[in-house]
Amino acid sequence: MAFTYPDAAFIGTLLSMLFTGVYVTVFGLYTKIIRVRKGPLMVLDYGLIFLFILSMVTVVLDTTQQFYTLMRPEGTVAWTAKVNATASVLGAILDFTSQAILIYRCWNVWGRKLWVIIAPAFLAFASLGVALAVTIDLASVPDSYLQIGKSWWVPVGVTTFSLSLAVNTLVSALMISRIWYVYSQTKSAVETSGSRLSWVASVLLESTVILFVAQLIYLVLYRIEHPAFSLVAMPVTILYGLNCTAIMVRVGMNQSYESMAAASTAHSTIQFNSNKPGMSLPASQFSRGTTHVSETGSEKGYAAHQYSQTASAV
């Protein structure tokens, strides 16, 4: 029995509910971190709140559309097409907003170097423009949610998803290279398997690799016009906001790679001083020794110092 659009739409709706539950939980953790911080909201805070609200509205619209499409198909075609077009536009804005947040964070962890954001930002704006050109036109075809109504939708849609994927590819590559550099410069001689797993988790989550894989699957299914495209469309859309929020929750809980780098450098400094035979340093001398290590060991100290500043900025 062939896998049909109604099958994919039904399973996709169930998956979107699961992803929404996870997103609500993660966002709840983020709001708790904001309350504990007791400071004014920053740019990223507003961005993440906007992402959450927009995601919930999109979920409601998409679920409503799927319900009427599957359970009440007669007499609702024109109305459902408008809802589908609106949800698609919101999805494009969600994608762009998440890219902007990820690019902003990448810019911060790279020391706010302008060259880091030029290419990703250009591709993000291009992706948004092309996406809106397709999604707004969806409303002109009554049953656009059931078929590819116009021949140019697929190639232009593929271009949209490819540009979005290119943004995440660049951001992922930049973040992975930065995480690897910090890890190689600050790793401790007494590193444990647990600490290595924490670094692996940082690569998987903070470098947006998971989002990259999800978008790649999304693109392939859309390109071959497989019904399963409607299965992954909404979960991937929710993942835009979920991924960004999860990263900032990790940062807020001091579990990000910046925090691990600072802790590893501090541990290495303590080991360096305590391992000297027959020597017990007074507190004042130990403090001077710590300062000397972090100033002269630029390869190790630079990363921890910079990222402790970055964490407060991000």
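Even glycines carry a Cβ here, placed using N, Cα and C.
As annotated by TrEMBL, transmembrane segment applies to 12-31 (among others).
The transmembrane segment annotation in TrEMBL covers 43-61 (among others).
Summarising the annotation, TrEMBL assigns transmembrane segment to 81-102 (among others).
Here TrEMBL flags 114-140 (among others) as transmembrane segment.
As annotated by TrEMBL, transmembrane segment applies to 152-176 (among others). Within its own chain, the transmembrane segment (152-176) has Cβ neighbours under 8 Å at 92, 95, 99, 102-103, 106, 109-110, 116, 119-120, 123-124, 126-127, 130-131, 133-134, 137, 203, 206-209, 211-212, 215-216, 218-219, 222-223, 225, counting only residues six or more beyond its boundaries.
Marked as transmembrane segment by TrEMBL: 197-222 (among others).
Annotation comment: TrEMBL describes 228-249 (among others) as transmembrane segment.
Stretch with the largest number of CB pairs closer than 8 A to the transmembrane segment (81-102), among 43-61, 114-140, 228-249: 114-140.
The transmembrane segment (228-249) shares more Cβ pairs under 8 Å with 12-31 than with any other stretch in the list 12-31, 43-61, 114-140. For the transmembrane segment (43-61), the residues of the chain that approach it from at least six positions outside its boundaries are 16, 20, 23, 27, 30, 34, 83, 86-87, 90-91, 93-94, 97-98, 100-101, 104-105, 234, 237-238, 240-242, 244-245, 248, 314, judged by C-beta separation under 8 angstroms. Below 8 angstroms of C-beta separation, residues 48, 52, 55-56, 59, 62-63, 66, 230-235, 238-239, 241-242, 245-246, 248-249, 252 of the same chain, each at least six residues beyond the ends of the transmembrane segment (12-31), sit close to that stretch.
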